[in-house]
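In what follows, a structure is listed as structure tokens, so that the remarks can point back to it.
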Amino acid sequence: MILADSMAQGLIEVERKFIPGPGIEERLQELGGILEHRITFRDTYYDTPELSLMRSNHWLRQREGSGWELKYPGASGISGPHTEYKELTSESAVVAQLCEVLGAKGLGDGTMAAVLGPLGLQEVASFVTKRSSWKLVFPGVNEEEPVLKVDLDTADFGYAVGEVEALVQEEAEVPTALKKINSLSSMLGVPAQERAPGKLIVYLQHFRPQDYRRLLEVNSSTED
């Protein structure tokens, strides 16, 4: 797999979130899923006081031990109960994209630590997640086709959510990835049109309701 920070444009993440039911891990095993790891980590999200990033569907986080990541919309135009985001993890690429979306000039060569203040970015959410990560490779799948990953998350504020994900390099690969995601979701018993909110959205709903309402005014995104 080519890591996102080895590509200037990043990879394209196609994902579908769902509410995991009882026995979900046993079902993954029945389908040939391989447990890759169980980990615990803290995510801290940043935005301006006006939520300029989230309101434009950009999601900036710092993961403990992993560094920075910025997600922003892909462009396949395929509608449905899924999301499609480009992922940037190279710090220089993250800074450049932030400067572009926030209309800041002259900061493009800085580090994240150097641009947080000038860009007006501050912490808006921080929580710990316990995750089990699964990988599924279906028989007869071409090596070049995306491998499906399933993450089962439980946040420290009590919300549990699952995610079926594929990473692809080009927009042309999105429809195939989405077909596989929807097929696996069906086999896991996920209702066809279920739209489960991400952890960050539920966090804001519970702990920063005013910010949550401000986001609802502009979109119904379910990212993180």
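Including glycine, each Cβ sits where the backbone N, Cα and C put it.
Curation does not apply to TrEMBL; its annotations are automatic.
The following features are taken from TrEMBL:
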BINDING   E13, E15, D151, E163, E165  Mg(2+) binding site
BINDING   K17, R61, R63, K71, R131, E163, K199  substrate binding site
DOMAIN    11-206  domain 'CYTH'
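Nearest by CA distance to E13 (Mg(2+) binding site), out of the binding-site residues R61, R63, K71, R131, K199, is K71.
Cβ neighbours within 10 Å of K199 (substrate binding site), excluding its own Cβ and spanning all shown chains: 24. In sequence order, R131, S132, S133, W134, G162, E163, E165 make up the list of same-chain residues 6 or more apart from D151 (Mg(2+) binding site) whose Cβ falls under 8 Å from its Cβ. Scoring each of the binding-site residues (K17, R61, K71, R131) by how many neighbouring Cβ atoms lie within 10 Å, the top position goes to K17. Over all protein chains present, the Cβ of E13 (Mg(2+) binding site) has 20 other Cβ atoms lying within 10 Å. The separation of E15 (Mg(2+) binding site) from K199 (substrate binding site), Cα to Cα, is 14 Å. Averaged across the domain 'CYTH' (11-206), the predicted model reaches a pLDDT of 89.
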